[in-house]
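Structure first, then comments.
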Amino acid sequence: MSISHLLWGNNSTYSLNENMNLPITTQSPGVQYAQIVSDEQWYIFQVVNVVVISGLLSLFGVASNIINIVVFAKQGFQDSMNISLMGLAVADLCSLLTMIWISICMNPLFYNSELPFDSTDISYLTGSAPHVLFVKIATFITAFITFERCLCIAVPLKVKTIITPGRTKIIIISIYITITILIIPFFLGHRFEWVFDFTRNATILKSTYTAEREMLEVISFLTLGVFATTFSFVFVICCTIVLIVKLNSKTKWRLATAAKSDRAAGGVGVKDQKVVKMVTFIAVIFIVCAVPPTLLFFYMLIDPSFRFFGVYQNLYLVIWTSSFLTETVNSSVNIFVYLKMSSRYRAVFMKTFWNAEEK
């Protein structure tokens with residue numbers, strides 16, 4: 001359900017409240033749950049935030065990223081920035097598709113129906129895990145894009161020889177492969193099995209655990225959760241600060257030397273400055289949306305009781321599903337940045353979709 005629940009596993013069992021049909025978690029032995037957020041409040045938040053808002057926003061995001069992919073494909077892959085943005089759009093699309101599946105599995109109409117599987121368990125492996133995977137891939141691609149633009153500012157005459165289209169393709173593919181490898185330990189600790197459910201009096205498909213689950217989940221949590229999240233977040237912040245500072249200084253320099261050629265003086269051209277502005281907006285959106293999950297990862301390291309099976313279970317679920325919403329926003333709104341700040345993207349978009357509708 002949440003990122004850290006995915007990585008730390010589920011030590012609780014589920015039952016239904018007879019009056020409201022709520023998914024209630026029964027506490028593990030020795031654990032006293034603090035009712036800061038009641039089961040009813042969590043139920044309402046789950047439906048409103050995850051099922052309705054995140055679900056509908058994910059549908060929009062899927063459509064917008066499909067449009068992005070079509071536009072980037074029509075632009076071609078001779079430009080390294082276009083290749084990176086295509087890789088980002090694919091990762092965002094996949095993360096939103098998994099978010100739609102999560103919202104379906106958390107819909108009361110879905111999990112209260114007579115299904116031959118446990119939708120909560122199934123969503124962990126088929127929804128939450130892939131969602132984390134593609135969010136982290138998109139994060140590292142964003143970090144690479146901001147770094148590439150920093151090079152454009154620092155060494156404008158050499159950047160095209162340093163970051164070539166071929167090297168960019170290799171880097172993007174390597175990001176996909178590396179992040180996938182980091183999440184493999186989590187999958188090795190889980191498996192699907194047909195288990196008899198006494199509450200339903202039927203055999204259903206559920207996820208079970210291997211003997212090495214706890215060790216494997218700690219590996220995934222530390223590498224993919226803590227290290228990858230912290231490194232990419234700090235890296236994007238640093239690159240964004242450099243971009244903003246350098247862009248402002250270059251803008252002042254251009255105004256002071258308007259009669260001279262930027263290229264002749266070794267400055268950054270108008271086209272490159274527009275791209276830098278666009279990348280800066282993308283990075284700022286990412287930073288704002290990534291603050292909640294990043295801070296929560298740090299808090300989880302400080303407070304071991306803040307877990308899915310900890311003493312503040314419902315509060316934990318509310319906070320982490322809120323981070324799902326910010327991740328969904330981050331994956332859905334890039335199309336507005338492209339339309340506003342990229343004349344090339346806007347031209348291809350209008351030719352492909354607007355003119356097509358008129359015909």
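Each residue, glycine too, has its Cβ placed from N, Cα and C.
In the predicted model, the domain 'G-protein coupled receptors family 1 profile' (64-338) shows an average pLDDT of 84. Positions annotated as domain 'G-protein coupled receptors family 1 profile' by TrEMBL: 64-338.
The transmembrane segment feature in TrEMBL is assigned to 43-73 (among others). Same-chain residues lying 6+ beyond the ends of the transmembrane segment (43-73) with a Cβ under 8 Å from its Cβ atoms: 20, 22-23, 37, 82, 85-86, 89-90, 92-93, 96-97, 99-100, 102-104, 106-108, 317-318, 321-322, 324-325, 328-329, 331-335, 338, 345, 348-349, 352-353.
For 85-111 (among others), the entry in TrEMBL reads transmembrane segment.
According to TrEMBL, the transmembrane segment annotation covers 131-157 (among others).
The feature transmembrane segment is assigned by TrEMBL to 169-188 (among others). If you look at the transmembrane segment (169-188), the same-chain residues 6 or more away from its ends with a CB under 8 A from one of its CBs are 6-7, 77, 83-84, 87, 91, 125, 129, 132-133, 136-137, 140-141, 144, 210, 212, 216-217, 219-220, 223-224, 228.
Per TrEMBL, the feature transmembrane segment maps to 218-245 (among others). Taking Cβ pairs closer than 8 Å, the transmembrane segment (218-245) reaches residues 3-4, 7-8, 132, 136, 139-140, 142-143, 146-147, 149-150, 153, 179, 182-183, 185-186, 276, 279-280, 283-284, 286-287, 290, 293-294, 297-298, 301 in its own chain, all 6 or more past its ends.
Annotation comment: TrEMBL describes 281-302 (among others) as transmembrane segment.
Within the chain carrying the transmembrane segment (314-339), a Cβ under 8 angstroms from the stretch's Cβ atoms is held by residues 1-5, 33-39, 41-42, 45-46, 49-50, 53-54, 57-58, 60-61, 64-65, 67-68, 71, 85, 88-89, 92, 95-96, 99, 102, 131, 135, 138, 278, 281-282, 285-286, 288-293, 296, 306-308, 345-346, 349, all 6 or more beyond its ends. The annotation transmembrane segment is assigned in TrEMBL to 314-339 (among others).
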Q: Would you kindly list the residues that approach the transmembrane segment (85-111) from elsewhere in its chain, counting only those six or more residues past its ends and only Cβ-Cβ distances under 8 Å?
A: 1, 21, 23, 43, 46-47, 50-51, 54-55, 58-59, 61-62, 65-66, 68-69, 72-73, 77, 119-120, 122-123, 126-128, 130-131, 134-135, 137-138, 141-142, 145, 172, 175-176, 324, 327-328, 331-332, 334, 338
